[in-house]
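Enquirer: What follows is a single structure, and I will ask about it in a moment.
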Amino acid sequence: MVHNKNNTILKMIKGEETSHTPVWFMRQAGRSQPEYRKLKEKYSLFDITHQPELCAYVTHLPVDNYHTDAAILYKDIMTPLKPIGVDVEIKSGIGPVIHNPIKTIQDVEKLSQIDPERDVPYVLDTIKLLTEEKLNVPLIGFTGAPFTLASYMIEGGPSKNYNFTKAMMYRDEATWFALMNHLVDVSVKYVTAQVEAGAELIQIFDSWVGALNVEDYRRYIKPHMIRLISEVKEKHDVPVILFGVGASHLINEWNDLPIDVLGLDWRTSINQAQQLGVTKTLQGNLDPSILLAPWNVIEERLKPILDQGMENGKHIFNLGHGVFPEVQPETLRKVSEFVHTYTQR
């Protein structure tokens, strides 16, 4: 076990005094790291995630290289879907492709339930390896939100308009709600197993939920999100972060959920979120594209985010989306260092 652990992010969420604003980056594990790219010449994403030693190495890299205040487990939101009967393939340049999309309630009924110890032991073994031996910062486990997972399962892959997904919601509520309930059950078991293995925070990625309006979110999504988070928290008092893209119109709905941290994309400032009545710890939210700019521009954009975060009092610095592969590792290191220095108290 690691002594003198850096628990800054957990202290921030609890409202305790911290020495600086904690920082981590979505997609910090992999992508822009040369060590990771070298591994990808030999191994696929699923190859790496199925080998705990390799997966732990990739997960740990950004903590060593960028001095982040948290690690996030290297895996894909599709990980729990394969074991329940979803024929998913990760295609380069496309993303997840589902070869047996959900169309009817019979398709939902064919899905099995997940047994994490049996179906994803490599995920749990990676977490145990990290938390028992090496990691000196909290580990973030994660899952895709039911809507985002369902959208892939129904559309058959990434989508711009989510027409098939919305059509199912509007035309066939029985199938939609059956799928939502099944995915909540899967997610609760999957997340709970991660926490029991040693994850100290959970992030729920609802990447595509911004495609819905408020009325549809309330009717078709919100009750299932409440059940997912509540059932996890009934088992373990673990902080939960929720993040989505292009979903500022849903901020008040998210603030109602039993989450601890609300992740902002780059379109909504911390001050705007406060003005909308958000009471949660806020996470974010530098536009990841800014990391491709010269350092003076990056620093200029960092300061107002950090100033607003310090004024708010409960802020975790992150990007407003994931790290782009083109971002230089040195840039991420400098951002992390700047956040720590600028917010030092």
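If you go along the chain as it appears here, the first residue is 1 and each next one adds 1.
Just so it is clear, glycine is given a Cβ too, placed from its N, Cα and C backbone atoms.
When I checked Swiss-Prot for this same protein, it listed these features:
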BINDING   R27, Q28, A29, G30, R31, F46, D76, Y152, S207, H321  substrate binding site
SITE      D76  site 'Transition state stabilizer'
Enquirer: For each of R27, R31, S207, count the other CB atoms within 10 A of its CB; which of these binding-site residues has the top count?
Expert: S207
Enquirer: Which residue, of the binding-site residues A29, D76, has its CB surrounded by the fewest other CB atoms within 10 A?
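Expert: Checked A29, D76; of these binding-site residues, fewest Cβ neighbours within 10 Å: D76.
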Enquirer: Taking the residues the record says bind substrate (R27, Q28, A29, G30, R31, F46, D76, Y152, S207, H321), how far apart in Å are the two Cα atoms that sit farthest from each other?
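Expert: Largest Cα to Cα distance for the substrate-binding set is 23 Å.
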